[in-house]
Amino acid sequence: MNKNREELLQKDPKELMIKLCTPAIIGMVVIGLYSFMDGVFAGQLIGKNAMAAVAVAYPITFLNSAIATLIGIGSSSILSRAIGKNDQETINKIMGNLLCLVLIFSTIITVLGIVFAREILMITGAEGEILELAVRYLRVIFIGSIFVNFAQSANMVMRGEGIMKKAMTFMMIGAILNIILDPIFILAFGEYGIEGAAIATIIAQITQAIITMFYFVKKSKNVRFHKVKIEKTLLPEIFSVGLSAMMMQVMSMIQQTLMYRMASKYGGSNQLILIGAALRIQALSFIPLWGMSQGLQPVVGTNYGAKLFTRVKKCTNTFIIGSTVLACLFWIPIEIFPNQVLSLLITDSSVVNEGISNFRIMYSAFPLMGIFIMAVTFFQSIGNAKNAGIIVSLRQLLLFVPAVIILPAFIGINGVWFVNPLIDVMVFIVIFVLIKKEYKKMEELTLINKAL
């Protein structure tokens, strides 16, 4: 831990970004491949309705991601600052508390998800064969809730400690296994191929959970299981910091559900399929940025805990620039080759051609997504849950919901595609103001510390 702490507090920000973000990005891409590959194999081996079924089910799986993120981000934020303060007592409480929370919340999600899968999916506007396939897929996925939530939240704790390579390795094992098993199970299950895709995913998640548990029980030198119990002293901060991260997942579910509903209402089944493919691609493109934010979290948290506020600002700015460049690496080829990108998920060329221009419009402001996720992570890492919550709420609920309802009412299906870039520009302005104010506070704290 001392070596990791020393690097977080002293290493050049650019070098630190490359060292921490490379494995974090790979790891998060690997997580994204779980559901993305389900969609690819379902679309190629079963048909476009199966791809659409996995697509409309995908935002509902954010219920699991929300729980994992609430517990994982909240715990890792506490851990990073505890490392900065050399607070071993707090460090020793992290994993036992995490396991208890995962068991409680995951059990609730599993029961509700299996019982109400159909009712939840009907909100998306899915119907007919797409709805039936989505229900079958989602019910199986919810069986694995405990395993995926433990694996993901514990992995976030590993990243909070700065152990990025090991965290990446554990995720890669699960994802590679899923990619191998997906086509095998889809073909082997025949008419139940959609269940086969879900079972392949669960097996991969169970494998990752077992490996992660073994690490914290036997191998970890610093963050280990001590007493497996709810630590009441940690709960307020876990929930306050983790809530904004959880909100981002829950609101993504609401956001995508509304987009599917509006696409179905104003454009029919082809537009539903196109929006499904576009959102899957957008989600996969966003995941490397989220991975980069996982590299920022221990840097900001540890330096903030050590009261190195000038370094916090410098590192944050470095990561914001890096994330914008990374976003452009996805944005440019998607804008140039939209046909080829959409064809990864949709085999019907006539459907693909129908969505090319709108797909480009939807992606037009994607470079701003790097700034968005870095700003949210920055505020989470310093314990400022309020500002993180403001940014997330504006982008994914307060501005989005009125826009996605009003725009299509005036300009039809095109309005559904225009919503994201419009909202992203508006939220960028808010982020600029909030970060500027926080930097000013840090400058004042730096002067106070020098005077003492």
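Cβ coordinates are placed from backbone N, Cα and C, and glycine is handled just like the others.
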Of 272-292, 314-334, which range does TrEMBL call transmembrane segment? 314-334
With a Cβ cut-off under 8 Å, give me the same-chain residues at least six positions beyond the ends of the transmembrane segment (391-411) that come close to it. 244, 247-248, 251-252, 254-255, 258-259, 262, 265-266, 372, 375-376, 379, 418-419, 422-424, 426-427, 430-431, 434
Okay, the transmembrane segment (417-435) and the transmembrane segment (49-73): do they have at least three CB pairs under 8 Å, pairs separated by 6 or more? no
Maximum Cβ pairs under 8 Å to the transmembrane segment (137-158) among 170-190, 196-217, 314-334, 361-379 is reached by 196-217
